[in-house]
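Undergrad: What TrEMBL shows for this protein is this:
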- 39-152: domain 'TRNA-binding' (DOMAIN)
- 403-479: domain 'B5' (DOMAIN)
- ASP457, ASP463, GLU466, GLU467: Mg(2+) binding site (BINDING)
- 703-796: domain 'FDX-ACB' (DOMAIN)
Amino acid sequence: MKFSELWLKELIDHQMSSENLIESLTMAGLEVDGIVPVAREFSDVIVVEVTKVQPHPDANKLSLCEVSDGAHSFQVVCGAPNVKVGMKAPFAKVGARIDIPDEDKPFVIKAAKLRGIESKGMLCSAEELGLEEKSEGLLSLPEYMTVGEDIRKELKLEDKTIELDLTPNRGDCLGMIGLARELGVLTRTNVNEHEISSARVGISEELPITISAKDSCPRYLGRVIKNINVNSVSPYWLQEKLRRSGLRSVDPIVDVTNFVLIELGQPMHAFDFNELIGGIDVRMARDGEKLTLLDGKEIVLNPEVLVIADHEKPVAMAGIMGGLKTAVTDSTTDVYLECAYFAPLAIAGKARLFGMQTDASHRYERGVDYTLQSRAMERATELLLEIAGGTPGPITETVGNLPKAITVELRFQSVKEVLGIEMDSDEIQDIISRLGFSVIKRSEQVLTVEVPPYRFDVSIEADLIEELARIYGYNNIPETRGVGRQLLSATIEAQIPLRRIRYQLVALGYQEVVTYAFIAPTLSKVVLGSDGSTIALQNPISEDMSLMRSSLLPGLISAYQYNSNRQRDRLRLFETGLVFSQSGNEIQQTSMIGGLISGQRNPVNWANKKEVGDFYDIKGDVEVLLSLKGQSMGIRFVAAERPGFHPGQCARIQDMQGNEIGHLGALHPAAAIQLGIESTVYIFELLQAAVESSEIPRATELSKYPEVSRDLAIVIDEFVSSSAILAMVEDKAGEFLVGSRIFDVYQGDAVSKGKKSIALGLTWQHPSRTLSDEEINTIISSCIKELEEQFNANLRN
């Protein structure tokens, strides 16, 4: 939310510096996100009155003007089309300095000749003073301004626009009165609320209101105002208050509703009364109904969307945006003002479903004071009649199922236990009362209070204690050391802690990332394919975060893209976290470990070759990680195909029992092209539980007897996997096999076409004796026979 610092200070009986104001708001939980001046820096710009205008003798588009500051007259050449005798405008005198965006030095006004006529100064537009991004013509100043006065003083430009980043629970501070109320509590000062009087009704015309969705719309007010002056213009003070709050002036009707939105925090809407037929019905949309919104976008409604309808058609999305058909225009003379309370759950997420976010929906989905509507309607009526005239009708009000007042009990002892400080019970009651809570009952131990209708975030005792801490001041709570016994927790020896797994990956050169558990459907489809277990959110933050992740890989790839786009060529990333899947009506969550590598194998230095990492690099990293289990001989990497992976560089990872515990490989080239990734990316994902479970180490005496080694070279079909060969040999090689490896794979002229030669190195060692050649030869013969039977393998000559 953006607001004017000066406007806020007008509402409280306390003048504090900008620094103290920002500090107070921040420490109260209302984080200040930005502060900008409301105008550029400039000097020697004053208010003048144009006393004479005549055409420039040598230029059709220039005028020769005479302006007065009350004491002196100045001749000025001006090119603004709206300059006229009698108008008041800003005038930069000779020597005036005006800051220019992206320029190091200010622009200095000098006397100059324009087409042969001397000009002693410059009449200024709003754009030149930094009051608007774009403007045409001179800034026309109000009549009440005094000529000769400094324009910064007259326009109160020593002001700042402050932007707050409010948390969703503080919807009560999305209005100036709410902010002033909060600041008044912090500074123990009163709030200067504008006294609003009821408008004098001049016509009897009204529209009947029906609330069909009573839970979604507990209160709806409407009022007809006729004979509005279409030539009226919003006064300068109103335009400026809106501008300094981040809104632009449109016309008096829209400006008034926007002003009430900013001042009171109550959204309103104005319909063209003559476009409404029959009456108002607040109902759920019918399936397939269409509505063209104010921005020209046509949407197809569904029964989940609350609408405002007349007796023929929907005319607005309730609490979000009005329809184009019933919008006020430059020629509208009769309006129907709407002011309603819509339940937060009825509005939450609906705007995002249609790709929108409006000021109204932002407030309604956080909660608006359900007692505020009558006051807001009278305030809007008062302003509209003052600015544009018109004759108001009576306020028509229909009430549905209004929220019930909430009472909360606060135990004084709980305050001490939670905050760790002694607060006097009278001080507690004072703070609670200043926050707007009504004290219903008080005893020695308990304070019973009623929650004000604008505080939707307070419902339990802990909420009240949090309010006490905010107002008492977190900085005023002394630091205390925790007191307690240190208990040693048991460590499961057969389980590797996640911390150790992370340290191992860091030791391998990986950096940890933490990504959102929500991912984009497009990214999910590209990386994971069409997975039926994907869980879609009913109320997503955005379209790009509308699915619960079923894998860590999309998040890792997004992190890779972000860093790669910032010239990070060599990346090693990992993440640990939950993934989600759906089985029937059950939602399951599984802890996973994911990793990604891309770029050069090693950091560049004078001694390293610029070798690019490949499939075997990430496979080696996974093998090192799994070696923590103490079962490295039992792990198998089996060729596989998986959506999102390169069909020729993808492996399924299996444990000793043949259970799949993960997968690794290269990102599919087609997926890389769709994602705009130019480098080759390798990824892996493992079940965290499978990595964490390990064998308890057992001490075994080192054998003093010699090892026996044999090399075995066989010729097999080229499509038989090496891992299958190795697994079979290890199974047949007996219990005294202590080492096995494939040390050579050959395809070429020395073997037949369609064949390959694989060389295995095998090592045996007996713990209590020397193995004989006969025993080893018997094992080798058994392995060869099994290889011939299973894989049609032959010994290589």
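Every residue, even glycine, has its Cβ placed from backbone N, Cα and C.
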Undergrad: What number of additional C-beta atoms lies within 10 angstroms of the C-beta atom of ASP457 (Mg(2+) binding site)?
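TA: Around ASP457 (Mg(2+) binding site), other Cβ atoms within 10 Å: 17.
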Undergrad: Taking 10 A as the limit, how many CB atoms besides its own sit near the CB of GLU466 (Mg(2+) binding site)?
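TA: There are 16 such Cβ atoms around GLU466 (Mg(2+) binding site).
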Undergrad: How do the residues of the domain 'TRNA-binding' (39-152) split into helix, strand and coil according to DSSP?
TA: 2 helix, 54 strand, 58 coil
Undergrad: Other residues with Cβ within 8 Å of the Cβ centroid of ASP457, ASP463, GLU466, GLU467 at the Mg(2+) site?
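TA: For the Mg(2+) site, the extra neighbours are ASN169, ARG455, VAL458, ALA462, LEU464, ILE465, ARG470.
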Undergrad: Just give the helix, strand and coil counts over the domain 'FDX-ACB' (703-796), going by DSSP.
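TA: The composition, in the requested order, is 30 helix, 32 strand, 32 coil.
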Undergrad: Let me know the most crowded of the binding-site residues, choosing from ASP463, GLU467 and counting other Cβ atoms within 10 Å.
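TA: Counting every other Cβ within 10 Å of each candidate, the maximum falls on GLU467.
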Undergrad: DSSP three-state call for ASP457 (Mg(2+) binding site): helix, strand or coil?
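TA: For ASP457 (Mg(2+) binding site) - judged by DSSP and reduced to three states - the answer is coil.
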